[in-house]
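The following features are taken from TrEMBL:
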type	residues	note
COMPBIAS	1-15	compositional bias 'Pro residues'
COMPBIAS	24-74	compositional bias 'Pro residues'
DOMAIN	242-355	domain 'Glycerophosphoryl diester phosphodiesterase membrane'
REGION	1-100	region 'Disordered'
TRANSMEM	127-147	transmembrane segment
TRANSMEM	180-206	transmembrane segment
TRANSMEM	227-255	transmembrane segment
TRANSMEM	286-303	transmembrane segment
TRANSMEM	335-354	transmembrane segment
């Protein structure tokens, strides 16, 4: 057969690719920093080079749902670059605690000693916040105690203890009518302040126990939103006074109602439902709660007795002052001492409430934090 000349393609059609010599390889990639030459007709462009791994660095992790590449192979393209973490699926829309916050609750049922340790650990860590809230709420009562004549009575007793320094027998200076009016006003204000005293310290204790920032203003705003519910709960508590004629029954009910204020604030329920929740949570835990509360109340009584015993002699040794000034100093010292000790009991009740919910309802910290933040059930 003779030599056949190559046939030319019809007009308008591309040239056919030249025969690839056997054993030939594609041209190598150009050096770094240079543009690649255009590929010959009929060949697809070569893929871009794999990213160069810097010495000492680690490869970026595969995206969620994909498996890592086999050993010795580069990762697939489209993987996230280092420094841009992928948000995992199912992340909560609201973080339980702000950045830098350290929750103080232990996510397990606590023993007697562990719970008491948590109470005083949180109290020491947030001492100034808790005491400042207690002091601000104690100021109106202190002023009315001074106006009611109690300061004069205490000053008279202090002057009797220090006759030589006083120089004369002190006399009462306020009219009796003012005493009775101020005394009655004192009791009315004390009842109206009960929601603030119980609610503000309890709310602050909840926030610090969950590791979230809290201020006096935020606590007062939270109490104002639930003021009437807290007042109704306090008035229901007054029904226990006739039961004190039967002391064991009154103590039993007090323990069963002990976590009603935390339940009201955390779950956003009314006074009656808060008492029911406390009744449910404390079921089968009465003796444990009773033991913890007895220890905390005894600590408070001892500390208040020490402060009260020191306040009167301290006022007595101050020379050349009137009985009113002596009594005012004694009342002020006693009020400060009470304000320092009062948050311990409310903090104990808050931690007991959290412990009971974790113990009986398997609540974790994220659920508790979200519920306290929302003021209602999750």
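Cβ from N, Cα, C; glycine included.
Looking at which of 127-147, 227-255, 286-303 has the most CB pairs under 8 Å to the transmembrane segment (180-206), the answer is the stretch 127-147. Broken down with DSSP, the domain 'Glycerophosphoryl diester phosphodiesterase membrane' (242-355) shows 97 helix, 0 strand, 17 coil.
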